[in-house]
Amino acid sequence: MCQIHEEYQDHMVENTSIPSISQKCVKCKEGSAVLVIRVGDAFCRGCFKEYFVHKFRAMLGKTRLIFPGEKVLLALSGGPASSSMLSQVQEGLSREAPKKLRFIPGIVYIDEGSACGQSLEERAGRIAQMESIFQATGFPFYVVHLEEVFRLPSSVLQCVSSIPGKPGGSYKAAVDQFIQDSQLFEAQSRLSELSTQDRPEEEVRTSGGRPFTFTLQETKAVERLLDSVKTLTAKEQILQMLRHHLIVHTARVKGYSKVMMGDSCSRLAVKLLSNISLGRGASLAMDTGFSDPRYGDITIIRPMREYSSKEIAFYNKMFGVSSVFIPNLGTKAPEKASIQRLTESFVNKLQMDFPSTISTIYRTSEKLNTACPQLSSDQEQAERCLLCLCALDTGAAEASAFRATLVSEQLSQKSCPEPPPGLSAPGLQRRPAGDERTDCCGSGGGSRCSADEDASSPDPRSLLCYSCRLIIKDMTSVETLPPYIVLETEHRRRRAQMREEISEFLLDPAQELCAALES
Amino acid sequence: CSAAGPASTMPVPCSHCQKSSAVLRRPKTGHSLCRPCFFWAFEEEVHQTIASARLFRPGETVGIGASGGKDSTVLAHVLKVLNERHGYGLNLILLSVDEGITGYRDDSLETVKRNQQQYDLPLKIVSYEELYGWTMDAIVKQVGLKNNCTFCGVFRRQALDRGAMMLGVDKICTGHNADDVAETVLMNFLRGDIARLRRCTAITTGSEGAIPRCKPLKYAYEKEIVLYAYFKKLDYFSTECVYSPNAYRGHARAFLKDLESVRPSAIVDVIHSGENLSVKEDVRMPVQGTCARCGYISSQRLCKACVLLEGLNRGLPKLGIGKHHRLHEKLLARQPLTEQEERKLRAEEF
Ligand SMILES: [Zn+2]
Ligand SMILES: [Zn+2]
Ligand SMILES: [Zn+2]
Ligand SMILES: [Zn+2]
Ligand SMILES: [Zn+2]
């Protein structure tokens, strides 16, 4: 029947396979080929390594984002892609100039054992395994436990503007200033926490004697937090967010200005599609692009994004790059347990039927806008999502999916005697025909519904982007959120209130911006 | 984890009026509603869509693309209700296309005719015969069963516009629902079709010269459309399209259904994503022109339908299949093709 001919050509690296025995390497024409990357490109061992290593350096070279001497924090999960990234950095640093990479690496590993119910012994075992890998590199490394989100300062949720183009003095000064600030914040939030909870200062130890830098109460708090999230989809979303916050905080405190994440092209294709499904269309480019500037002073970069997971697997196996299996939230869950898991299995299956699926998705994402305006003024800060720090996508036009969901909620609930201003007219009350002839073409309702803006409410919903609201919607209680989120919610609310009160005295936003930049 | 168990035997009060007992749980929001409150919510949501997107102007003639299927049946019903309730001042007509396939359309056209009586809306049926001078049956006779799909697809896409133009309609409304829109977003994303990805979430489409098309049910869930039709006892013909969708659309559809089962809001979440995608400014978009012969949107000098028709009329059905852009100028000028050109395009090579 209708077979519309789909033209999909594969330009990328998805079809890594094993060549026939007699094939010669296309590059050196001598070595016998050990693997085929895309149709016809059979490489020998040496040339494959050269190709793989070159791609990494080329990626960093052409983007010119990392300055010589800059401190770069590698976020490692233990998985194949980030382990491969680590080996590329080692490889790059060991080379002769001018091919040598010239930045100063460090490693961060987030231990999320408490999120999947591991015992302290299990966690200690995995951490020891990771540490032995890290130690072998000679790079400084930081093991951060998920529990530490309960000690994060609220400044993690603020975008700190960096002065672009000045890697030197003022940049460093900004970092130093920041560290001071965050220590201050840390002290404050710790204080506020201690005042509400009587927490013994004692830290946890395994039977083997390994000390952990968190308390039993904090582990309980992590469990409580995840228990209050009803769906695995939202659990995975929130966990990813907390992980990012911990990494960025570590980078700030330890003086790193770049963070490298090891997302492969295959991983990113899944992330792109699942983020579309999670309502994150507006921040797609930010979430998956080569560089992600949302935190301002810390830039996240994804140098592995042009490698397929197959290529990485081949490389790791061939050159003895070891990775560690770390179970996560979804490990034992069935395929349809969460949107992320579902998308992953969908993309992988589609990839088998249409071998260019992943590369097509990847190329689609390349056409998306990554432009991130430099946000510095208070006003603009308020227009970012409290949790993911992406631009708010909820101020949308009148006819939008966001508005439609609000209307649906409103119309399905108890009819309020006085509907909130945004949703009164038109046509939510029965009126005689002919009364509002112009409605279908005219004003069509004013601003959006912004219910309960109580400044003391811990519910951060109105400060969130579309997708992050969905997380909160899946929670039974927001009381379980770590203090830094609650603090920042209150902070933003207060600022908004203040702005309201003094609004008539404020000059136009452009001037406010200039003033902020000068100070 | 969000195990929403089967409705318990205890009567649940309607979450809107809090008086009557609920008869359904809204697929879109999870609220339990009684029958009148559901009708009210469903209709007013469509009204909100129409009002906020300013879809119509008073006095306009609006053609509702009526296939006899559930979407267009519900659309016709709701538009009729809202036109009266809110005094839109629209002149609504049902617009149906008869492809001229013996046996296939009969049932659905019957349904449309019944709808016309029930809703008291004028019905116009335009046939392929009138529009193109060819019925599908006659096309199949010339090109054989194997290749007719190219024709029905292309002709169908244009039939509504051509019919509307013939009848002097100001706007066309189609029954595309939220599921359709979300599915299209996913499909275009998977195919890397950035131009379509940008266009597909627009509630109104149509280029210069063409009749604007709009989707008032853009935010209505397919499941709620079925619920609405069921409780309103609307008569519809379940038309599973005889033309199997292309492979990617099928995958996108299955994926969307799975997404919905994991998180019911996923359908509208995907649409939200589609509406907020921002495309790099330097990404080149194909220039949308119009067909030099019929005025329909086309990136070539002649639109696909006109090329196909030309092929049929010249006895060279292969013209429309594959790429023969070089020949467009000749076709436009109604010049004969060379012997060599013709040989390649004859039917037996199919
Ligand atoms: Zn070689
Ligand atoms: Zn967000
Ligand atoms: Zn009710
Ligand atoms: Zn067909
Ligand atoms: Zn044409």
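Cβ atoms here come from the backbone N, Cα and C positions, even for glycine.
Here is what TrEMBL says about this protein:
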type	residues	note
BINDING	B:G65, B:A66, B:S67, B:D71, B:V97, B:G175, B:D180	ATP binding site
DOMAIN	B:62-241	domain 'tRNA(Ile)-lysidine/2-thiocytidine synthase N-terminal'
DOMAIN	B:289-319	domain 'Cytoplasmic tRNA 2-thiolation protein 1 C-terminal'
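Feature map: annotations from TrEMBL on the structure.
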residue	record	CB count, 10 Å
B:G65	ATP binding site	23
B:A66	ATP binding site	31
B:S67	ATP binding site	23
B:D71	ATP binding site	25
B:V97	ATP binding site	24
B:G175	ATP binding site	22
B:D180	ATP binding site	20
Stretch-averaged pLDDT - the domain 'tRNA(Ile)-lysidine/2-thiocytidine synthase N-terminal' (B:62-241): 85
Where the record names B:G65, B:A66, B:S67, B:D71, B:V97, B:G175, B:D180 as binding ATP, the maximum Cα to Cα distance in Å: 20
Among B:A66, B:D71, B:V97, B:G175, B:D180, the binding-site residues whose C-beta sits under 6 Å from ligand 1: none
Assigned element (helix, strand, coil) containing B:G175 (ATP binding site), judged by DSSP: coil
Within the domain 'Cytoplasmic tRNA 2-thiolation protein 1 C-terminal' (B:289-319), residues counted as helix, strand or coil by DSSP: 14 helix, 4 strand, 13 coil
